[in-house]
Structure formats: C-alpha cells, structure tokens
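Take a look at the structure below.
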Amino acid sequence: MFLAILAGFLLAFAAPMLYRWLGKWVFVPMALLPFSIFVYLLTLAPAVLNGQNLGELQAWAPSLNINLHFFLDGLSLLFALLITGFGTLIMLYAGGYLKGHPLLGRFYLYLALFMTAMLGLVLAGNIISVFVFWELTSISSYLLIGFGHDKESSRSSALQALLVTGLGGLALMGGMILLGLAGESYTLSELLERGDLVRNHALYLPALVLLLLGAFTKSAQFPFHFWLPNAMAAPTPVSAYLHSATMVKAGVYLLARLTPVMGGTDEWQYTLMLVGGVTTVLGALLATQHTDLKAILAYTTISALGLLVTMTGIGTAPALEAMVVFLLAHALYKGTFFLVAGNVDHATGTRDLTQLSGLSGTMRYTATAALLAGMSMAGLLPFFGFIGKELLYEATLQESPFRWLLFAVSFFSGMVFVAVAIALGFGIFWQRSTRPTPLQHPDKPLLYLPPVILACTGLVFGLLPGFFVTPLLRRAAEAMLGVEQVFELALWHGFNLVLGLSLLTVLLGYVVYRYSNKLLSYASRFNGLYRLGPANLYQLGLNGFLTGATKITATIQNGYLRSYIAAIITAFIALVVLSLSRGGPRLELANRLPELTQLRLYEVVLLMMIIPALIFLFKSRSRLTSIAIMGIIGYSVALFYILFGAPDVAATQLLIETLTVVIFVLILHKLPAFTYLSHASERYKYVLLSLAFGAVMTYVILIVKQYPLDSQLKAYYGQSSYLLGQGRNIVNVILVDFRALDTLGEIVVLAVAAIGIMAMLKLRMQKGDKP
Amino acid sequence: MELILPFLIGILFSASLYLILHRHFFKLILGLILFGLATNLFLFVIGRLTRGGSAIIGPEEKVATEPFADPVPQALLLTAIVIGFGIQAFAIVLIKRVYQSFGTNDLDDMNTTDQIEEKH
C-alpha cells in the first residue's frame, strides 16, 4: 500500500515530463497507474472479504507516535476501489477532454496528486496521516478548480473552496488531536476498539464539534454547501472525479470511519440527521432552480451527500447498509452524468438545459450512457440505483420518532432525482426535436467510453448484486457497525410498501419534470433569500478580513522607524513594570546611602564631564561640535573603565572612539548642512518615553546590585588562566584562548561590515541614481 | 559610586533613546553610538565594580588573588565595543551614501521604497 501511494506521487510529478515525451498519449501511463493499483487492491480483496484487516507500518515520526500506518478493511477497500477504478476512467477521459491543451501535463500532475492523496486518505491507519492526506486533497482540489487560471471566476472559486475546506481542515486537525488525547492513541485500529472510552471522555464534545466541522465543510453540508457549485468552474473530469465521486465523499468517509468511535450518542445522531436532512432538502430544491447541467448535478450531489450524512446519523444497521449501497450507486450514476455533461459541453459548446435537444441522433453512445445512468438515478428496475433507493426508504421507515420526517426528506430528494434524471437522461437526448442542437465535433471514443463503462457497471451491479458487491458492502457496513453483517442485496423484494413508494416517487418525479419550467420561474423570487445565504456571509467575511488586515498592517507597518522603536521600548517598559508589580523584588535604597560617602574626587569629575556634555549635545546645532562632544563622552566612559580595573576595555574604547571621530570628520563634508527637523507635537511624547526608559534601566541595575553575584566563572578564570592558558592577562586569555571561536566570529562580523563599507564607498552609481 | 553610576547609565539611555527617536539620520547615528556606550556601561556595572585590582595575574603568582576585577564582563565588553564600532562605521558610511543617492537625511522621506523610486 505504501508503494502504491509512493508510486502515485512519483508519477504525479513525472506527468509534465511524460507529456513532453508522449504528447497526447500521456493518458496511457496516467491511466495505467490507477488501474494497476485497482488490480492490486482486488488481489487484496479476498482477504478483506474474509474479515481480515490488513495493516502496514512505516515509521515516520515514532517519537510523536505518528506513523505512516496503512489500514485496509471493508470500508477503506470500498473507497479505494472507487477511487482507483474511477481514477482510471477519469484519466482516460481527461486525455480526450483536454486533448491538445498546452497545460495537459500540469493537469495530470494535479489529478494524479489528488488521486494519490485521496487514496492515502482512505488507506491511512493513523489519524494524523488522515489529516495530512486530507489537506493534500484540499490543496490539489484548489489547483484543479483553478486550472483555468486565466479566468477570474475560477480563481475565486478555487480560493473559496480552499478557504472553506481549509478551515474545515484546521478544525479537523484540532478534532483529531483531541480524539487522540481522549482515546490515548492516534492509531485507527486501536481507536476503533476504544469507542466507550472516547464517548465518555470530557473531550468528546469538543472533538466531535471539530471533527464534524471538518467533515461538513469537505462534504459540502449546509451551511458550507456553497463552495461546491462554484467548484464546477473546474474542467469536467475534475468535477466528475473530485466533486461527485471522491473528494466530497471524504467527509462521509470520515464520519463512517469514526462511527464506531464517536457514533451512537445523541449529539452525533441529532446533529447528523439535522444537518444532513437540511442539506438534502436544500440541495434538491436548488437543483430545480438551475438550467446549467453542471449546476444541477452539483446541487443533486449536495442533496445526495446530505442523504448519506443523514443515514450515517441514523446509525442503525439498515441505515448504514443503505448508506454504503447508495454511496456506490450514486458514485456510478452521478459520475456518468458528469462525464455526459462534459461530453455535451465539449461537443455543442453549451451546458444550458434549455438550449439542448435531440442529441441522441448525433451522440448515440453518450446518449445511451445518459439513459442508463438516468434510469439508475431514477431508481428504476433493474439498476443498482433501484436497490439503493429501496434500502433508503426501508431505513428511514424503521421505528423511530422521526420516521415520517426522515422519510419525507428522502422522498422529496428522490422525487427531484427522478425529475433531474428524466431531464438529463431523456429530455436532452431522446425527446423528439425538430431542431437538434448542432455539434461542433462528433462523439469521440475516449470521451464516450468512460461514461458507458460506468453506466454499464451500474446495470451489472443491479442485475448481479450477489457477486462481489454484496460481500464488499457487507464488510464496509461492518466496519461502521463493528458487528458482523449478513444482509443480502436483492433486486426484487416482492410487492410491498417500499416498492409502492418507489413507484409513487417516479410518478411524482415525472410530474415535477413536466412542470419544471414553472418551478424555474420561481427562481427569481428566491433572490432575496440568497442575499442572506452563507455564500454572501462568506463574501462579507472574506472582504472584512482583507480590509481589516490591510488596516492593521498600515497601522503597524507604517514605515516610520521611530514608531517601531517606540513600540519596542514601550513593550519592554510595560513588561518590566508588570513583572515588578507582581511581587518582584523591592528596592531598598535607605541602608545603602552611606556608600555615597566613598565617592572619590576623580569620579565626581568624570560625572561632571558627562552630564554637561549631554546637555551641550542637545543644544548644539553644529555637527562638528556634536561629534566632538561624542568624543568627550566616549573618553570619559573609557576613564571609568580604567578606574574600575578594566585597562583593556579602556584601551579599546579609546581607540574606537578616536576612529569613530576620524571617520565622522572624513565623511562630514559630504553631508548637507544640519537642519533641525522638528516634530513638536510628538516631541513631548518621546521625551516622556525616553525618561521612562532611562528610569527603568536605572531601577533594574539598582535591583540587580542588591543581590550578590553568584558566578563561579570569575574564580575559574582566575585559577586557570595562567595554569591552562599560559597568560597573565585574564581578559586576553579568555578572548584568544578560552573563547577563541567567539573572537573569530567577531572578526568575521567586522570583516563583513568592512566589505559592506567598501561596497558602499566604491560602488559606482547605477543608472537613475543621482551622482 | 555604586549608587551614582546606575543613574548615570539611566541618563545616558534616556538621552540616546531620545536621539534615536529623531527624524534626522545624523541624530539617529549619534543616538546609536550613545546607546552602545550606555549598554556597555550597563553590562560593566551589572558585572560588579572592583576598585583597583585589574584582571591581571601578578608576575610572581600562578593564580589571581583578590581583589581582582571580574574578567568575564570585560571580555564581553571588548567584543561588544568592537562589534559596535563595526555597526557605527557602517551606519556613518550609509548616511553619506543615502544622502548622495536620495538627497535627504530625513528618515520620514525614506519610509517606503516606492516613494524613493518616485523621486527619480
């Protein structure tokens, strides 16, 4: 499994090169990879179907208990087969759809990257690696939605998808960490057995909220559904793959995966049923308000995702059973429809439902695929969709306080699905039309084969549900329930209530289809509501965020050096005052006053030199005088060093002071006359700040000097400077012997400064500079 | 003196900060130099003062005898002074170069790169 994922990433990054070598045949290796993983997974399937869970461990960050742990059970296998099988078809399809596109290589890079990330997500056995792959899918989805990056709309859609799912990803990370804390493990297989521990933990609720936020954003649940229709800006292969079959199901996968750990509580059930139910109805309702093929499909996808979430929320055995069956059925027919919509768009140049008609004559294969998918979506015999719908109805009609509400929700969406299926599978293709929409090019095999294969799979699964499908789905449901499942899928359940309801759905769906024009005319009345919708809130939030950030940056980064320094110093003073006021040491000056009597005359003289010098420095308006005064201060400080036993420091200070003055004088004549740049209003503020800073520094020194210096370094160097370093001047021995490397660093700093100075002095003026 | 020096250092810090907060590049450099001086003195005083005895081992002895000054702050100071000089020299040349290139020494005229570009 590790190798499969590694190969996926390698191939992804090789894609642009392959495109250069192979040209339009690049789809061959790209499709071969998912296909071989698909076959590889099929070889593992017998073991999984026998009830084994396969694991594989690669140490990654063992100290943090994070491993590249792969884990394959029924649920992962279902998703992994879906991803790779679908992936193979999409890779082929993309080769035809984007044939001749200059950036096809890049497109394959993104697509393969996404596929591998998605595969990693469902195979990951460690919740931290689940998160990592989760984020990778968000990022690759961003790149894919924004593939047509020259269009403003696709850029903003891509950003919207990234922000919404990225926000969810952040929540997910928090949730995962809390879950790991609650379950005391980050390994999925261990967590799956600790459901009771987690559910009774204090962190359960926060973890649940965060995880649900992650799942809902990814799976486009209300109120985060708005990004999905916008994501249809992506090329159609992407919409079909990411936004109907795989990525948006990642949230559902997460919920399903965590059902044994987190599921079963009231919070879990009611949240999922409520959000899922609202999403189902809303998606179905909005689907009737559009005429763009991809928009209709997007909204029905949202509705279907809502149903999946609702079923997960109900959480009974029939509900979870229905969920896995419906998941597979939906992937098959919705994927087909997206590819069909792509074909129609490609061939006719429009996706508007009202402008398309009579295409069956010219696009026979696509039309056939659409018809088959439509029948599956409408839930007709003998398609797999029929089984899915039957089970959904059965599950909602189980004994529960909300049975009629839940049934109404699924019935409503079923009705809309029928209407959409008729419109898309029959209306635009097979309905007699006097003026069929003209084609720009005939149907191409690479474009019509994938949808036909998918649609046929739906038919085969429906006719032969016992073969492979049932065992697989059984294991998948088992992974969620934690107990052995024995359900059998059958096409024919006999004449019972559910069958009657299915027929009623189809009939009412046809009625909806007949009156769809009328429904469309209501669309404009909803415009007022859209203004209050989450999409608008998102826009408001985003704009506010940007303006806010701009304002804050403009305030903080105002470009004035002095305000930066003032801010730093203010913060410093505040911190010192704060720590002193919170029980810091107190200053006791009274008993130290006698020290003043030890003052010697030459010390007073030095003081008497520095203070007046400072006063003159402020008064002086001549640069030469200023420099001379700086010299006086520097020399006085050097004399202090001599008085207190630091002759080396004093010598250095004297030298440096002299050099500084010399450099100043050399440069001085190149400078302009000294002008006084006054800022009177601010001056008092800065005077106060400076005084406060000086006072704080004084206070700090006085406090520090109240306590004895506890340093063994002095004694150590006093002892060993001659015995170890063979030098009598301890300071020198420290610099050139004990800490020689530091001195080397100091020399390097000086050398760098010297090079900088040389560069500034010697560098010729470039064009545009003043001489 | 132990009581007087902290006040002197405080005064030096105040003066240097006030100079740094000026708009004029020249004053800024004066402030920087003074700030360096104050910091060095600060380090020196924090490391305790010793009157008389410097950190030198006498010709007859093998180990230093009290009273001798703590050599560690002195070693630190030497490094600080030299590196401070590097910065000072660089800043002084920079002020000249800035004036040559842009014809101003007012820091407020240099707060964005774009504005400097516009002057050309």
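Even glycines carry a Cβ here, placed using N, Cα and C.
Database features, via TrEMBL:
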DOMAIN    A:63-108  domain 'NADH-Ubiquinone oxidoreductase (complex I) chain 5 N-terminal'
DOMAIN    A:124-407  domain 'NADH:quinone oxidoreductase/Mrp antiporter transmembrane'
DOMAIN    A:609-672  domain 'MrpA C-terminal/MbhD'
DOMAIN    A:683-762  domain 'MrpA C-terminal/MbhE'
TRANSMEM  A:30-49  transmembrane segment
TRANSMEM  A:161-181  transmembrane segment
TRANSMEM  A:268-288  transmembrane segment
TRANSMEM  A:323-344  transmembrane segment
TRANSMEM  A:365-384  transmembrane segment
TRANSMEM  A:404-426  transmembrane segment
TRANSMEM  A:446-469  transmembrane segment
TRANSMEM  A:561-581  transmembrane segment
TRANSMEM  A:601-618  transmembrane segment
TRANSMEM  A:650-674  transmembrane segment
TRANSMEM  A:686-704  transmembrane segment
TRANSMEM  A:743-761  transmembrane segment
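Broken down with DSSP, the domain 'NADH-Ubiquinone oxidoreductase (complex I) chain 5 N-terminal' (A:63-108) shows 31 helix, 7 strand, 8 coil. With DSSP states grouped into helix (H, G, I), strand (E, B) and coil, the domain 'MrpA C-terminal/MbhD' (A:609-672) comes out at 54 helix, 0 strand, 10 coil. Using a Cβ-Cβ cut-off under 8 Å and counting only residues 6 or more beyond its ends in the same chain, the transmembrane segment (A:601-618) has close neighbours at 625-626, 629-630, 632-633, 636-637, 639-640, 643. Between the transmembrane segment (A:561-581) and the transmembrane segment (A:686-704), the number of CB pairs under 8 angstroms, six or more residues apart, is three or more, so the stretches are in contact. Residue counts for the domain 'MrpA C-terminal/MbhE' (A:683-762) under DSSP, helix first, then strand, then coil, are 68 helix, 1 strand, 11 coil. Listed as Cβ neighbours of the transmembrane segment (A:268-288) (distance under 8 Å, sequence separation of 6 or more from its ends, same chain) are residues 208, 212, 216, 220-222, 225, 255, 262, 296, 299-315, 402, 405-406, 409-410, 412-413, 415-417, 419-420, 512, 516, 519-520.
Taking Cβ pairs closer than 8 Å, the transmembrane segment (A:323-344) reaches residues 78, 82, 86, 89, 93, 97, 235-237, 239-241, 244-245, 249, 252, 256, 293-294, 297, 300-301, 304, 307-308, 311-312, 350-351, 356, 359, 363, 366, 369-370, 372-374, 376-377, 383-385, 387-389, 391-392, 395, 424-425, 428, 443, 447-448, 450-451, 454-455, 457-458, 461, 469, 473, 476-477, 489 in its own chain, all 6 or more past its ends.
Distant neighbours of the transmembrane segment (A:650-674): 621-624, 627-628, 630-631, 634-635, 637-639, 641-642; these residues of the same chain sit at least 6 beyond its ends, with a Cβ under 8 Å from one of its Cβ atoms. As a whole-number mean, the pLDDT of the domain 'MrpA C-terminal/MbhD' (A:609-672) in this prediction is 86.
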